[in-house]
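Participant: Input: one structure, supplied below.
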Amino acid sequence: MQNFDAIVIGSGQGGNPLAKKMEEKGWKTALIEQRFLGGTCINDGCTPTKAMIACAKVAHTVFHSKHWGVHSHSMFVDLPFIVARKNNIVSEFRGGTQKGLASDKVTVFMGTASFTGNKTIKVTGFKGEEEILTAPHIFINTGTSPHIPSIPGLEEVPYLTSTTILDEITVPKELLILGGSYIALELGQMYQRLGSHVTVIETGSQLVSKEDTDVAAVIKKMLESEDMQIHTGAQATRVYRNGKKISIDITAGGGKDTLTGTHLLVATGRTPNTAALDLKNTRILTDEKGYIQVNDQLETTEPGIYALGDVKGGPQFTHISYNDHLIIYKNLFEKANVSTRNRQVPYCMFTDPQLGRIGITEKEALQEGIPFKVACLSMDKVARAIETGQTRGFMKALVHEHTNAILGAAIIGPEGGEIMSVLQMAMLGGITATQIREMVFAHPLYAESLNNLFMTLEKPAS
Ligand SMILES: Cc1cc2nc3c(=O)[nH]c(=O)nc-3n(C[C@H](O)[C@H](O)[C@H](O)COP(=O)(O)OP(=O)(O)OC[C@H]3O[C@@H](n4cnc5c(N)ncnc54)[C@H](O)[C@@H]3O)c2cc1C
Ligand SMILES: NC(=O)c1ccc[n+]([C@@H]2O[C@H](COP(=O)([O-])OP(=O)(O)OC[C@H]3O[C@@H](n4cnc5c(N)ncnc54)[C@H](O)[C@@H]3O)[C@@H](O)[C@H]2O)c1
């Protein structure tokens, strides 16, 4: 048995910085990882997808270059090169994580962690070798994996997930995608731009179900304008091999249809990595889906054991996992009293154009009975967007009816995530819509149009 002051399970976006900081503070810290250092974000999530999405944008720009008066006569997509470029970036980031942990002298165990008691953990290495570790403080950062829905026949066809598809070196000719949210739309548009014919099948009545209907409608229109086929309100009832292809029977709008493609990507959400942890040997409780229950300071139902990142449920983003580690660290080492309550949750869907989001939606404001007004500006009224030839999308902000405080925003447009961050900062600092309407921005930035966005509160844009 090896004794530590702290054990971190999972090399995720919260676990790595927390392990390093605890070691720096003199706590002897172990970190256990069963796959790759760096977790989902670096190895299967943000880094590889955003690296490949950048290539798809170049392909799209070259393919449509005549809109900018530039003619390119021959172009082809070199997917093996794109995948190799992505792998190099991933390796570099993974190597950086490894170096960082080593330089801070965190003891890394490669293997799968499971609890044998409340504060004892067994690590099973890749060759079956076992180590027992114990510590008074344990931090679970084991993340999530692709959720595979139970649809008749799905297990009999060779489906792809967001992890496996990224290593395909041939562009799928016809790509069927189950799901119509972040992963489905980012990867769907990416493969469409790289040369696939993409069909999205979403059970919900709209894409990106959490967003307002006008936001979802604009995203659907934008993707359809790139020839993606989108079926919403569609229930997949059966999946089967059809010669060399895969077919899916769907019911939608009271009718039936069969969709066929060469490949199938399942992007229907994530499931928490808690099964292997053997939590039954502890007093840690999970919810019905397996997510670990925590209080607003991220402590589980077992004192001294915390959960951070996706495995605790709630918004699943890298920056939230990172912020979780700050909450835990500050409370433990700086005697702070910070929590997840009222934390800002910004996010950006990296379609092109992007969807940048912060604060509440119109749907939520109505549910909560908050008096609000809506500022809305189409991207084809934004000078910078007209100049760069990227006029799809719109800016929308919810403003408090009486105080003019900004309650939330959705920016669909070029650099939508960056523009959203300007509003996020305003929300944090209590800067009102009136102040932004009159603020001096550099011309001609996209953000400059925040002046015009808030002018629409007095006079809607024509
Ligand atoms: C395709 C895709 C794209 C994404 N894009 C974005 C994006 O653009 N922006 C964004 O903010 N978020 C994005 N996300 C979400 C983001 O990746 C996660 O929210 C983020 O990685 C946080 O993860 P985490 O810290 O909870 O743990 P993770 O990064 O998931 O790490 C958990 C680690 O724990 C290990 N582990 C699990 N069980 C055990 C065990 N029993 N023993 C030892 N080790 C174990 C796993 O192998 C893994 O390495 C994306 C996700 C996906 C799948
Ligand atoms: N840019 C980003 O920040 C980014 C990018 C990718 C992923 N992520 C994170 O990863 C997580 C997972 O993303 P995701 O898109 O897989 O999941 P999600 O949970 O956001 O969406 C899953 C979608 O699949 C649909 N669905 C469920 N079962 C279905 C079925 N049988 N057939 C068809 N559709 C079905 C749901 O209605 C839902 O719209 C998200 O929570 C997100 O936070 C973030």
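Each Cβ is built from the backbone N, Cα and C atoms, and glycine gets one as well.
Automatic, uncurated: that is what TrEMBL annotation is.
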Participant: Identify which of Cys41, Cys55 is listed by TrEMBL as the disulfide partner of Cys46.
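Facilitator: TrEMBL says the disulfide from Cys46 goes to Cys41.
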Participant: Name the one residue among Glu168, Glu202 that TrEMBL lists for the same NAD(+) site as Gly179, Gly180, Ser181, Tyr182, Ile183, Ala184, Leu185, Glu186, Gly269.
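Facilitator: It is Glu202, as the record lists it for that site.
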Participant: Within the domain 'Pyridine nucleotide-disulphide oxidoreductase dimerisation' (345-452), count helix residues (DSSP H, G, I), strand residues (E, B) and coil residues, in that order.
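Facilitator: The composition, in the requested order, is 41 helix, 31 strand, 36 coil.
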Participant: On the 0 to 100 scale, where does the mean pLDDT of the domain 'FAD/NAD(P)-binding' (5-321) fall?
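Facilitator: Overall, the domain 'FAD/NAD(P)-binding' (5-321) comes to a mean pLDDT of 97.
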Participant: Please report the distance from the Cα of His443 (active site, proton acceptor) to the Cα of Asp310 (FAD binding site), rounded to the nearest angstrom.
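Facilitator: Here the two Cα atoms are 40 Å apart.
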Participant: What other residues of the same chain, not counting Gly179, Gly180, Ser181, Tyr182, Ile183, Ala184, Leu185, Glu186, Glu202, Gly269, have a CB atom within 8 A of the CB centroid of the NAD(+) site?
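Facilitator: Other same-chain residues near the NAD(+) site: Ile177, Gly188, Val200, Leu207, Val208, Ala267, Thr268.
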Participant: Quick test of your reading of the structure: among the recorded positions Cys41, Gly179, Asp310, whose CB sits under 6 A from ligand 1?
Facilitator: Cys41, Asp310
Participant: Of Cys46, Gly179, Ser181, Ile183, listed as recorded positions, which ones have a Cβ less than 6 Å away from ligand 2?
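Facilitator: Only Gly179, Ser181, Ile183 qualify.
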Participant: If I take the alpha carbons of Leu185 (NAD(+) binding site) and Cys46 (disulfide bond), what is the distance between them in whole Å?
Facilitator: 14
